[in-house]
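If you check Swiss-Prot, you get these features:
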BINDING   Glu71  Mg(2+) 1 binding site
BINDING   Asp98, Asp251  Mg(2+) 2 binding site
BINDING   Asp102, Ala140  Mg(2+) 3 binding site
BINDING   Arg227, Asp230  Mg(2+) 6 binding site
DOMAIN    206-262  domain 'CBS 2'
TOPO_DOM  1-286  topological domain 'Cytoplasmic'
TOPO_DOM  330-360  topological domain 'Cytoplasmic'
TOPO_DOM  382-389  topological domain 'Extracellular'
TOPO_DOM  411-427  topological domain 'Cytoplasmic'
TOPO_DOM  449-453  topological domain 'Extracellular'
TRANSMEM  287-307  transmembrane segment
TRANSMEM  309-329  transmembrane segment
TRANSMEM  361-381  transmembrane segment
TRANSMEM  390-410  transmembrane segment
TRANSMEM  428-448  transmembrane segment
Amino acid sequence: MNEGQEMEEQFALLLETLKNQQMNEFRELFLALHIYEQGQFYQSLDEKDRQHLYNYLSPKELADMFDVIEEDNENMKDYLAEMRPSYAADMLAEMYTDNAVDLLNMLDKSQKAKYLSLLSSEEAGEIKELLHYEDETAGAIMTTEFVSIVANQTVRSAMYVLKNQADMAETIYYVYVVDQENHLVGVISLRDLIVNDDDTLIADILNERVISVHVGDDQEDVAQTIRDYDFLAVPVTDYDDHLLGIVTVDDIIDVIDDEAASDYSGLAGVDVEEVSENPLKAASKRLPWLITLLFLGMSTASLISNYESLVSEASILAVFISLITGTAGNAGTQSLAVAVRRLAMKDEKDSNFGRLILSEVLTGLVTGAVTGLTIMIVVGVWQHNLPLGFVIGMAMLCAITVANLAGSLIPMLMDKLGFDPAVASGPFITTLSDLTSVLIYFNIASMFMRYFV
């Protein structure tokens, strides 16, 4: 029996105990599951069965499971709405603060206020503090549940603090050292606390070179910092270096997934959230790009009409228009994907503007030369007209090179201007390459027409 089949059998047994209202048996089986598996089972239930589950689990037990359910799950609002308000509020209080904030941010203001009013002033205050931070910043994804100590403590004292606060902390692998005014002054790992003598002062073993992020930093920059330094967590500070919270690696994984999805959908000029929207709302988001590109496409049609006399003299030229524009568009899209990826990674060795442009132009020349030579031979043999093959091949070489240049240049210019390079340049490349390819093709054809007509 494979793992999937075993899980299906477990879920079937769980569902049976739930429907038969066997609370003790259900709790024993359910709480023995990994919290990820608990979340999968929970999301497979209908509302009636979930109501039974709420009666069998404490808010704390449900909170542990909600902490691992994908925060972009479109059903999260519905899950919260079907609970008793007091039960939902108790669950929010038991969740890690950053996860509770993510969940509340899915609600409208009145719903958010309702749940906050049911929390204690201390719990509501912690959540409100994070709600104030701008979306997609370090402040918005950080948690305030961490362990901090002061430099004049001993290892014994620090371990006592750690043991008492470990249950509420999201991670204990890093312990942050602050002064009396809560300025971040150092960091110490759990390993250092374990291997040093109990009477050793924290000041003697702490690492004063702390890598931190600012509360207003973009979440992509925070993800880059954690990736570069292989951290499990990174501290978040304000302008005066006061320690405000930490961002953990599990939150960064979510950020990376979200940004990848955003970049992928952006290449097509659509919104990553469209999957959960109705057709009219999705259409309203796509139409601005489509209308803009429609007018740009009309420029291509107008350009072709200007060469009507050329096409009438050599009608064979019309056969290869879509071949050249399509191949150039594909090349431009490839170049765009590479450029967007390099911009997203912010790799220093690839960040040189001129080097990136030169690399893509050379790549375009090589791929264009090979593609152009191939099509020249094919057309020459097929049409028994080598000069025509030369024209098609030369146009292919130039069109691919220009498309590669545009595919790398446009996203970098968009990035310099402060626009999202994926969303702003994705749909633009194919249409632009059509325009430039037609211009290149007909100009080369007009120069050599007397040789192949």
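Each Cβ is built from the backbone N, Cα and C atoms, and glycine gets one as well.
Note that this is a predicted model, so its numbers are computed, not measured.
Known features from Swiss-Prot, placed on the structure.
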residue	record	Cβ contacts under 8 Å, 6 or more apart
Asp98	Mg(2+) 2 binding site	Leu130, Ile141, Met142, Thr143, Thr144, Glu170, Gly245, Asp251
Ala140	Mg(2+) 3 binding site	Val101, Leu130, Tyr133, Glu134, Gln219
Arg227	Mg(2+) 6 binding site	Ile252
Asp230	Mg(2+) 6 binding site	none
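The Cβ of Asp251 (Mg(2+) 2 binding site) has 26 other Cβ atoms within 10 Å, all protein chains considered. Looking at which of 361-381, 390-410, 428-448 has the most CB pairs under 8 Å to the transmembrane segment (309-329), the answer is the stretch 428-448. With a threshold of 8 Å between CB atoms, the same-chain residues lying at least 6 positions outside the transmembrane segment (390-410) that come near it are 320, 323-325, 327-329, 331-336, 338-339, 356-357, 359-361, 363-365, 367-369, 371-376, 379-380, 421, 425, 428-429, 432-433, 436-437, 440-441, 444-445, 448, 452.
In the topological domain 'Extracellular' (449-453), the DSSP tally of helix, strand and coil residues is 4 helix, 0 strand, 1 coil. DSSP gives Arg227 (Mg(2+) 6 binding site) a helix state.
Residues 310, 313-314, 385, 387-388, 391 of the same chain lie 6 or more positions beyond the ends of the topological domain 'Extracellular' (449-453) yet place their CB under 8 Å from a CB of it.
In the predicted model, the topological domain 'Cytoplasmic' (330-360) has a mean pLDDT of 74. Tertiary proximity for the transmembrane segment (287-307) is limited to same-chain residues at least six positions away from its ends with a CB under 8 Å from its CB atoms, namely 269, 321, 427-428, 431-432, 434-435, 438-439, 442, 446. Under 8 Å from some Cβ of the topological domain 'Extracellular' (382-389) lie the Cβ atoms of residues 316, 375-376, 448, 451-452, all in the same chain and six or more residues away from its ends. DSSP assigns Asp102 (Mg(2+) 3 binding site) to a helix. Across the domain 'CBS 2' (206-262), DSSP helix (H, G, I), strand (E, B) and coil residues number 25 helix, 16 strand, 16 coil.
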